[in-house]
Every structure is written in C-alpha cells, then in structure tokens.
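Participant: Next up is a structure, given as structure tokens.
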Amino acid sequence: MNKTLIINAHPKTDDPSSVSLQVLNHFLKAYKEFTNGSEVIEQINLYSEDVPMIDKTVLSAWEKQQKGQELTSQEQQVTERMSEILQQFKSANTYVIVLPLHNFNIPSKLKDYMDNIMIPRETFKYTENGSVGLLKDGRRLLVIQASGGIYTNNDWYTEVEYSHKYLKSMFNFLGIEDYQIIRAQGTNILEPNEVLQEAFKEAEEAAFRLASKSKRS
C-alpha cells in the first residue's frame, strides 16, 4: 500500500488561522476523496516532536560509529531517533511539506529534519563520478508554502526565494524529481481570502494529480 508523509514545518503546529495549514487541510480533504481512503497517511510535526539537530552529541556519535566505538546512552538515544525519522521518510512514496516562509528560507526545524534524512548509503551515495540519489523510484514531493510577499514576479524576491530553491535541489539530489510547489503568497499585500481561494484551487488540482499517480504506482 502506498504511503503519504505529511511533514508539518509550521511552528504553530495546528493553528487554524495559519494560511499554509488551511491549504494543507484543503489538500488532504480532496486527496482522501480522490484516493478513496486507500492511501496510508502519516504526519510528523517538526515543532512538537523530537527532531534531533546536528550538535556535538550527534557529531560525537557519528565519529564513534565510524570507528566502531561504543556510544553513550544519550548518543544511542539520539541516533535511534534519527533512524526512526529516516525510516519513516524512506517508507513513504509521496511527501507533502507545509511551511511558512521565514526570512526567504525554510523554518529551522525543517533544516534539522533534512539533516536526519540526507544520510549517505541510505538516501544517496558517493561514487567516483559524484553523488547519486537512491530514491529514484517515482516518489513525489508537494510543497505548500505561505508568504507575506510575492515571489513569482521575476524580480528581486524571485531571486531570494531560497526555500523553494533549497527543497527542489535537495530532493532532486536524493533522486526525487517530481516536485511541485503551491504558493499561498502575498498575504500581506493581497486580500487574504483571494490568496486562499487560489491556493485551494491549486491544492485540489495537486490532490487529483498525486492521487492518480499513487493509483498507478
């Protein structure tokens, strides 16, 4: 059975006023209808669940693992949690990342999450000719992003939308090339309801597309 993993990178994990979370909920409603409830859907909330960051404990654990040395109880605990996150990620076929844009980039806990899943010999490998993604089996990524500004006018803001550039590049690096982004953008400029309605429409279209692909895989 196919699995969809929702990666919630909003600090206010279940805030009903959040634009990005409203779009996510609209997507999920349509997605469940299009898949007839046949899709397993899991969710990880990055700001309410334990997502280890690369700190001195993690670096020490990695160094000891390379040398075959025994880990401390703290190091063992954190590496086990990182492995759980990685295996959950690898078990899914479709990914939906929801985030607010923070200073042109992804929220900090989403960067921590990426450090948990970008692991050599698990999601990519090094070769003599460079790195190769190991997830080249038709996986799909949908990004739902909310922002106060507008990033599609081919201006300065377009150049500094590092969130989109980073996520697309990193998932391509892992071998996931089916990438789509829904931008609920301009909430500080445009009428909020208009922004939502446009994003809802895109979410419904994305739900239909991804559900169709899921049925074929």
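Each Cβ is built from the backbone N, Cα and C atoms, and glycine gets one as well.
What TrEMBL shows for this protein is this:
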DOMAIN    3-205  domain 'Flavodoxin-like fold'
BINDING   S18, V19, S20  FMN binding site
Participant: Around S20 (FMN binding site), how many other CB atoms lie within 10 A of its CB?
Facilitator: 27
Participant: Just to be sure I understand the packing, how many Cβ atoms besides its own are within 10 Å of the Cβ of S18 (FMN binding site)?
Facilitator: 19
Participant: If the FMN site is taken as the center of the Cβ atoms of S18, V19, S20, which further residues of that chain fall within 8 Å of it by their Cβ?
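Facilitator: Once S18, V19, S20 are set aside, the remaining close residues are H10, D15, S17, L21, Q22, V23, L24, V98, P100, A146, A184.
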Participant: For V19 (FMN binding site), list the number of other Cβ atoms lying within 10 Å of its Cβ atom.
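Facilitator: Result for V19 (FMN binding site): 22 neighbouring Cβ atoms inside 10 Å.
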Participant: Restricting to the domain 'Flavodoxin-like fold' (3-205), report the mean pLDDT as a whole number.
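Facilitator: Averaged over the domain 'Flavodoxin-like fold' (3-205), per-residue pLDDT gives 98.
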Participant: Under DSSP, is S18 (FMN binding site) helix, strand or coil?
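Facilitator: Looking at the DSSP assignment, S18 (FMN binding site) belongs to neither helix nor strand, so coil.
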